[in-house]
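Annotated in Swiss-Prot:
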BINDING   39, 45  NADP(+) binding site
REGION    95-115  region 'Disordered'
COMPBIAS  98-108  compositional bias 'Basic residues'
BINDING   130, 131, 132, 251, 252, 296, 311, 312, 313, 314, 315, 337  FMN binding site
């Protein structure tokens, strides 16, 4: 499975094309829209969420509620487009109109300046329109398709906020994937620890008053994954590496870790490695999951646990020092409509990109023209690994 996305933040629409789905996978617009709505929720979101109520339009690859095996095209219209038709016009406009909403003061921490240098743009809007986190709309739409495929194969995905600003949530032990899903959905900040929810909301409110932004850490878990996805034989076939790339590709994400992550550096090996046991009813399992479900770049049958760190959003209502690219004089950076934090929403995006990589790995290992054939292949493989 592969995909491509297109579209600008204030253009007419966002588009995604997914290729490589088997025929016969049940899929509806409603399932995708449900995930899009989750992305637009979360405490701390800005004014655009009141403007955009994202709805997907499927224009190819699905008939009567099932995939056809041909490319699937997803389109999400930008409701705010009517206010940007001249600024974002595809056709040439008079020089005077080009200056409307032109951006010449790059924002520190954003793609503005380097993107302008790279592509020789004298209007940095040409950079920020595509580098905007609005693109994650389509990553979530694609992730919704991936989640549907995984759910049909008894693989569940859940995400939550682990850290917001300087506030760290206590994560209850032994929760099922479904329990994590339910608890995070009940929280305005998608946290599993009710004792810190109000503190997080207060921090978000104060940060907004200060004209500042805050980042955090999100965690995604994937349960029911069979052992053996990915491979150790080449560096670029390791699934944990692919997931790490996907996580860091999310706007404003700067790092990823698996299991107990960087804490491994502070422990001896005897307190890191997950001991192997076997049971007739379940087959091979581990007594712990410090490695986050991976050994040698392959899934080992334990739940995948991955964390991503999101930096504070670089668009500040009290902008930092910058330089006008026309005059080279010091100026305060440009201000665009933005959020004080998007960490709760980012947990949904992180779920989506992780689900997409796991779905791609499943399709690679159990390559089938029809989804029914794929389900049978997965069933046989699970039985094989249990009795290995």
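Think of each number as a place in line: the chain as shown, counted from 1.
Just so you know, glycine gets a Cβ as well, placed from its N, Cα and C.
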What same-chain residues lie close to the compositional bias 'Basic residues' (98-108): Cβ under 8 Å, and 6 or more beyond its ends?
86-87, 116, 123-125, 128, 314-316, 319-326, 331-334, 336
Which of 39, 130, 311 has the fewest nearby Cβ atoms, counting only those within 10 Å, among these binding-site residues?
311
The most crowded of the binding-site residues 252, 313, judged by neighbouring Cβ atoms within 10 Å of its own Cβ, is 313
Across every protein chain in view, the count of C-beta atoms other than its own within 10 A of the C-beta of residue 132 (FMN binding site) is 20
List the same-chain residues at least 6 positions away in sequence whose Cβ sits under 8 Å from the Cβ of residue 315 (FMN binding site), in sequence order, or say none.
107, 110, 213, 335, 336, 338
DSSP state at residue 39 (NADP(+) binding site), helix/strand/coil
helix
Please list the DSSP helix, strand and coil residue counts for the compositional bias 'Basic residues' (98-108).
1 helix, 0 strand, 10 coil
Residue 311 (FMN binding site) to residue 39 (NADP(+) binding site) - Cα separation in whole Å:
18
Cα of residue 130 (FMN binding site) to Cα of residue 39 (NADP(+) binding site): how many Å, rounded?
18
Simplified DSSP label at residue 311 (FMN binding site) comes out coil
